[in-house]
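Here is the structure we will look at, set down as structure tokens.
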Amino acid sequence: MTQAFMLNGLTGFSDAQTPDTRQDLTGLFTEKPQSENITFVAKVNAESLLKKPTVKWFKGKWMDLASKSGKHLQLKETYDRNTKVYTFEMQIIEAKANFAGAYRCEVASRNKFDSCNFDLTVHGEKRQLVVLLMCCDFCSSTDGNEDSGELDFSALLRKRAVQASSDPDVDVWKILSGAPASEYEKIAFQHGITDLRGMLKRLKKMKKEEKKSEAFLKKLDPAYQVTKGQKIKLAVEVANEDVEVKWLKNGQEIQPTGRYIFESVGNMRYLTINNCSLADDAAYCCIVGEEKCTTELFVKEPPVTIVKNLEDQMVMKGERVELECEVSEEGANVKWEKDGVELTRDESFKYRFKKDGCKHVLIINDASKEDCGHYKVKTNGGESMAELLVQEKELEVYQSIADLTVKAKDQAVFKCEVSDENVKGTWYKNGVEVKADARINITHIGRIHKLTIDEVKPEDEGDYTFVPDGYAFNLSAKLNFLEVKIDFVPRQDPPKIHLDCMGRTSESTIIVVAGNKLRLDVPITGDPAPTVIWTKGEKVITEGDGRVHVETTKGHCIFTIEGAERQDEGIYSVVVRNPAGEDTADINVKVVGKTELHNLIPFELSGYVLERKKIKSYRWMRLNFDPYPRTTYEARRMIEGVAYEMRVYAVNSIGMSRHSPASKSFVPVAPTSEPIGLCVDDVSDTSITLKWRRPEKIGAAELEGYGVEYCKEGTDEWIPAIDGLTDRTSMIVKNLTTGDKLQFRVRAYNMAGPSAPATLAQPVTIREIMQRPKIWLPRILRQTLIKKVGDTVNIVIPFQGKPRPKVTWSKDGEPLSPQFASVRNSEVDTILFIRKTERKHSGQYDLQVQIENVEDTAKVTLQIVDLPGPPEALKIVDIWGFNVALEWKPPKDNGNCEIVGYNIQKADKKTMEWYTVYEQYRRTNCVVSDLIMGNEYVFRVFSINLVGFSTEPCQTKDSVYIQKTGIVYKPPSYKEHDFSEAPKFTHPLMNRSVIAGYNATLSCSVRGIPKPKVTWYKNKMDITHEAKYRMLSKQGVLTLEIRKPCPFDGGVYMCKAVNDSGEDIVECKLEVRQKKDAKK
């Protein structure tokens, strides 16, 4: 909604006369710019902002007023920590007529933006101001993907969505020209350049300076850049508005089509290219008559953005990890990083990179603890980060091995069951590893490990141990050998059920939660081994793979219900029988829901399980596997600046509850690291100057400033050096007591609070240190400084010394006067300034820096040079044939520098057009040759020094006439050379074996003068006119192309070359194989 307000900002108005300028506050502003005593105030509420907002003031569309601060314009900003409100002020002082115009205030913080426009009008000589404050349609965006607001007066009539203007195009060539060669590939990746080498090669050929053209008033720029899919207009200005132009692309003339549009407006000629593609990346030329101008067009790929971000993952050790993202362009290049280090394919194939259209996947095989960290994928248009956690869960023992007592020739089986089916292990007997053989069998099936010993012998007795690989514990049992006598008669034992089930109530009822698994492992004894029968009512439960099934092993019977349901309730009976008797037992199974379970039995709470996820993600990541006992938890390893939410499960001996509602979203913020490089820059009797550098790690929250504190040696009371914070990395602490020994420290502050302090290595005594004067003469001033007449001289010479030394300049032993040269001195340097030099400023300047009786001196030599005078006494010494000898004297005025040469010119007296004979000629005499007989010549000479040519030449007083002679030129006769040469093959034909169905070529090279006639033969038959063969000849290289040969085309091929001087032949064998033969 757009509203307009008028604000009368005349100075001298009272508060009662000032109209109300309050506006409906939207977006980030709590108070929009207002006029009060010609001061515009904007306030921003920072309660919901992570970083300090950035405010810019503009005049017109683009003029940033931050660079115009000074006498008439001042910008201020303050921050109230109690209300968390930033106040920004723009004050206009003594306004002038040119201050009138449209102004704009913009505020931005990360993905939030707001702005406000107002007009300033200046009336009369007394600088009365009338301010129009207009609040236009500012669309406050809380999401970076929404459209940002811009000024659109049509919004007063109808609703209109305005797309946020994109960032201005970046000139990649300017970036490349100013960057080192080692950074070229990185810059090309960031700006989507696919052909970096071609771009550099083409730009290298472009001329920096072009000669003036008569046909073109304005030529094409050396290079243009356009984004793929957009349009571009190439424009030239011609001298004749009626002339026709031609446009070429890579040397080929362009015809007007729907994509290429030609326009002619007055002297301007335009070529518009619509919907640019990579095929339009070429050299373009505009031709007018015989003149042309060229340019290079570079088509830049649009930035590749990340459409689907990476997801945080938590996996167990040894599992396979796939981090997947989706980008906006197929086949785009991406970079993967782990904790800031780029990932590459190594020899161990730890990391694999997979592309599938727009999807990019990072695959980590066999994850380990070292793989934990933050993984980032980068494109030239964005990046995404995710965290990978690898947990190493403790190995649980479901069934341990038991002691065995066996008889001779019986079978001994040691069996154990662990929680991880991928864990392998080793069996030991009395500390020695057990090896499998004909009697000993070692098996590993799923979670069960078995050691089976057939036909047990007395030597098999001992202690057996199973050690899981990678875990620091073992399972042990003893094998006892029972010696059997011949007269032993085995005694029959009646069967017995040893029922000890966890979770039974006093009424022998087993309660199971609906959906959970019930597994009863009932030990049984009896000799011989009894048979086991499970029944429910009259129904017998058999062994099998059903949901309710039983399993019988030696010494055990196992009853299992997979996913208990209400219909599974009832009394289950187990009967064991053998010839010595039988035993029975009844088990009452009750299936209940979780709510009923808490009403039946009060189970103790064993802990909590916590999960977290990013706000924009759908995947919850578990933070702990074992129940966490307390009700407060400190989450770690989160990414700063990313919003998270958490939820909690309660856990007891039955299982996990439903999760709690998700917590309120939060953004983790950490203090910065400590400032680095804290040092003392200067010390005086009452002050000290400290310097430091920004912290290496800033974090998600913006740096608010630095706090400087000091304390006396021997005390712990730290005193702030200033009230509040400073945003600079240096500070002068004043009003200190001379002689105190103080310790100083600096801390960086952000939203999370202060960082760790950076402290000086040792206390500092507040006392000025005497320092000898020393002049640091720059290297360029250690030799003569040469300047032209009229140039400006600005010499800066640094020095040191404490207390502040006395600085004295003199020239040729005389003190400098202010009218001759200006001198400015500071505590650390001195400046000699001459606004406009003359020849009299040449000479030696002496600098003296003195502290009491100690001094240091330096010398600077200044040479002011000018154009030389003309040479003197130019005369003609001799004339003979077509030659003239000249001689002259050096100029009287050499321009205060050495004469480096002379420029000698001649002119025909008829035309008086001067032509240069010698450039930079060093001697004072020369001979001018190759003059034309019958012409009359005059000569002149310029002198040259470091500055340039003399303003006037020295010209001969008399002219020289070259007499005509009667000499007749007789050209010499030469015997014509015979270049003929008989044909000779310099490279013969080679025997070849080819596959049928694929084109084959035979090549050779021949030389001969005149060019020989070439004929090809197959098996001595001329094949010149055969359609199957194609003969090529280029620069003496002869090629015979056989199209899709078959076995019939095999044979002896001959090439014959004939000319008037002779002939030569060369031949080879060609074998054509079938495809089946080729595969073999």
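Using the three backbone atoms N, Cα and C, a Cβ is placed for every residue, glycine included.
Note: TrEMBL annotation is automatic and uncurated.
Here TrEMBL flags 214-288 (among others) as domain 'Ig-like'.
Each residue in the domain 'Ig-like' (302-441) gets a DSSP state, and the totals come to 3 helix, 72 strand, 65 coil. Per TrEMBL, domain 'Ig-like' is recorded for 302-441 (among others).
As annotated by TrEMBL, domain 'Ig-like' applies to 495-588 (among others).
Among the features that TrEMBL reports, domain 'Fibronectin type-III' is placed at 575-672 (among others).
Per TrEMBL, domain 'Fibronectin type-III' is recorded for 674-769 (among others).
What TrEMBL records for 773-861 (among others) is domain 'Ig-like'.
Taken residue by residue, the domain 'Fibronectin type-III' (870-965) breaks down under DSSP into 0 helix, 53 strand, 43 coil. Look at TrEMBL and you will find 870-965 (among others) tagged as domain 'Fibronectin type-III'.
Confidence across the domain 'Ig-like' (983-1071), taken as the mean pLDDT and rounded to a whole number, stands at 90. As annotated by TrEMBL, domain 'Ig-like' applies to 983-1071 (among others).
Within the domain 'Ig-like' (495-588), the DSSP-based counts of helix, strand and coil residues read 3 helix, 58 strand, 33 coil. Across the domain 'Fibronectin type-III' (674-769), DSSP classifies residues as 0 helix, 45 strand, 51 coil. Residue counts for the domain 'Ig-like' (983-1071) under DSSP, split into helix (H, G, I), strand (E, B) and coil, are 3 helix, 58 strand, 28 coil.
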